[in-house]
Amino acid sequence: MADGFSLNDALAGSGNPNPQGWPGAWGNQPGAGGYPGASYPGAYPGQAPPGAYPGQAPPGAYPGPTAPGAYPGPAPGAYPGQPGASGAYPSAPGAYPAAGPYGAPTGALTVPYKLPLAGGVMPRMLITIMGTVKPNANRIILNFLRGNDIAFHFNPRFNENNRRVIVCNTKQDNNWGREERQSAFPFESGRPFKIQVLVEADHFKVAVNDAHLLQYNHRMKNLREINQMEISGDITLTSAAPTMI
């Protein structure tokens, strides 16, 4: 791949203990309390001693908290704006960076749901979508939009001629391009799901339920113009948020 990452680096369970800066193996959660890109568990990026903030003497302490390793805020381990949230980013054990600096909506979201991507997408942006597939579902649709064009159409179909298939495509000037079809199908009616879309310089990567699923090469090269994602289909949507890794 153009970015220098091998598929072994990207796949969960590759056996690589430090897959070149990924937050744990691709599609998986980092270790307990790990901040994306940190070299030590609980460490903020760029720290030398384990858990210590630059210039701080006590290891593991963030400026100001009473408990070692606590993030500033009303509750230990809670991200600002999410007081008392159990398992909140970034310091709770096993927490995945789903909310990131953007914050994540809470409660059920209205579908179709449009997620603004201010400034467009860019390499190392990770969008995490969580929800539950409805019983007797027909399809799920994720569209990365550039105005009226669809840069990346991700469309799991539960019953296309009695078969389950995932269709990916691009729509430009009201014309669909060549379909790319994927037979691996990790979704189940009535079951919860987590979709992660990682933007790279020349492609999107998609993981579902912590396992790498597919890669889709960019057909629209100006990523900054892709500034919105639309989520629709037969799902109950609980969260959708971007972060940088």
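Cβ coordinates are placed from backbone N, Cα and C, and glycine is handled just like the others.
As the structure is a computational prediction, the values presented were derived from the model and not from experiment.
Listed in Swiss-Prot for this protein:
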{"type": "BINDING", "residues": "TRP176, GLY177, ARG178, GLU179, GLU180, ARG181, GLN182", "note": "beta-D-galactoside binding site"}
{"type": "MOD_RES", "residues": "ALA2", "note": "N-acetylalanine"}
{"type": "MOD_RES", "residues": "SER6", "note": "phosphoserine"}
{"type": "MOD_RES", "residues": "SER183", "note": "phosphoserine"}
{"type": "REGION", "residues": "1-30", "note": "region 'Disordered'"}
{"type": "REGION", "residues": "35-99", "note": "region '7 X 9 AA tandem repeats of Y-P-G-X(3)-P-[GS]-A'"}
{"type": "REGION", "residues": "47-68", "note": "region 'Disordered'"}
{"type": "REPEAT", "residues": "35-43", "note": "repeat '1'"}
{"type": "REPEAT", "residues": "53-61", "note": "repeat '3'"}
{"type": "REPEAT", "residues": "62-70", "note": "repeat '4'"}
{"type": "REPEAT", "residues": "71-78", "note": "repeat '5'"}
{"type": "MOTIF", "residues": "221-236", "note": "motif 'Nuclear export signal'"}
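Other Cβ atoms within 10 Å of the Cβ of SER183 (phosphoserine), summed over all protein chains shown, number 8.
Less than 8 angstroms from the CB of TRP176 (beta-D-galactoside binding site) sit ASN169, THR170, each of them six or more residues away in the same chain. Most Cβ neighbours within 10 Å among the binding-site residues GLU179, GLU180: this distinction goes to GLU180. Taking the C-alpha positions, the distance from GLY177 (beta-D-galactoside binding site) to SER183 (phosphoserine) comes to 19 Å.
For the binding-site residues listed here (ARG178, ARG181), the lowest count of other CB atoms within 10 A around the CB belongs to ARG178.
DSSP assigns GLY177 (beta-D-galactoside binding site) to coil, not to a helix or a strand. Note on the motif 'Nuclear export signal' (221-236): DSSP counts are 3 helix, 8 strand, 5 coil. In the shown protein chains, 15 other C-beta atoms lie within 10 A of the C-beta of GLN182 (beta-D-galactoside binding site).
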